[in-house]
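Features of the protein shown, as given by TrEMBL:
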type	residues	note
DOMAIN	29-120	domain 'Core-binding (CB)'
DOMAIN	141-323	domain 'Tyr recombinase'
ACT_SITE	Arg184	active site
ACT_SITE	Lys207	active site
ACT_SITE	His275	active site
ACT_SITE	Arg278	active site
ACT_SITE	His301	active site
ACT_SITE	Tyr310	active site, O-(3'-phospho-DNA)-tyrosine intermediate
Amino acid sequence: MDRPDLPADPAPHPDEAGVVPGLFLPCASDLRPSLVAWLGWLQGERRASRHTLDAYGRDLAAFLTFLRDYRGEEPGLATLASLGPADFRAYMAARLTQGLSRPSMARALSTLRNLFRWLDREGVLRNGAIATIRSPRQPQAVPKALSESEALDALSVASDLQDDPWLAKRDLALFTLLYGCGLRLGEALDLDRGDLPSGEVMRITGKGRKERLVPLLPVVVEALADYLAACPFAGGPDDPLFLGSRGKRLNPGVVQRQMRRLRGFLGLPETATPHALRHSFATHLLAQGGDLRTIQELLGHASLSTTQRYTKVDAGTLVGLHGATHPRAR
């Protein structure tokens, strides 16, 4: 039987867009308040970062869109309560067929498990079917890192790809920070001017709002100071550290685009991404010898097993003094 035609997605709904800008959730009116409350709980109680909220919102919207097309109607509370294991497996199959990677599929299932646990805890509805679904088996991918010479070449060329001098200094400062401190791109772009320390150690808020201390190499301090001196936009402690050309917080897509230009200029592989600079930070320190616990703290990994993947790249360990081993400190 043909399914009824469904209207195209309207503009973002003000309720969910108030938590995740631009988000539209295709669902029935009886379900929307609970979904918005869940997103608000993630933001308020769980203190989820903006990037985490965006990811959860995208996963939720994709799931609801699937249900809408799968059932032929806007999903409501009764829809979610009636779902069985076969429905969740159909969702997984559809997303994987669309090209979603296995790690992204695992994250999407984690989003749904979180949602259904919250709905149960709040007394909205109970459905334990999602708990029976296993995440797709993950290959133990080895992190991709640049060689020391490739990383240093990337930093030396980073400022040559912008016509505007202050944007050139911004890119150099950002890439130097990623490689010199092992930051995630999201962590760096979330920094405000007031987060810059007066000393040699910076406090970083990472995944799960967990804080860690990261030493700042002199070359990182110098690059940041040069950028701020050249930046044409004044700012206070609560203003973004890294700005786009119009004075707003720098968008990750702009950084990714600059990294693609950098790859083309230097002939680097496609694995040379902003996140690869973080992997390079760890790998090059490990190559000097030392213990994994220290690099776990520097990277902000919750589990040592995550850090141990770097031993597949280089069998070395980390020396005690970060400044004595990092290539940018020589």
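Cβ coordinates are placed from backbone N, Cα and C, and glycine is handled just like the others.
Remember, it's a predicted structure, so these values are computed and weren't measured experimentally.
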The domain 'Core-binding (CB)' (29-120), counted residue by residue under DSSP: helix, strand, coil: 73 helix, 0 strand, 19 coil
Cβ-Cβ neighbours of Lys207 (active site) (radius 10 Å): 15
Stretch-averaged pLDDT - the domain 'Core-binding (CB)' (29-120): 90
For Lys207 (active site): DSSP state (helix, strand, coil): helix
Cβ packing number for His275 (active site), 10 Å threshold: 18
Least Cβ-crowded entry, counting other Cβ within 10 Å, from the active-site residues listed as Arg184, Arg278: Arg184
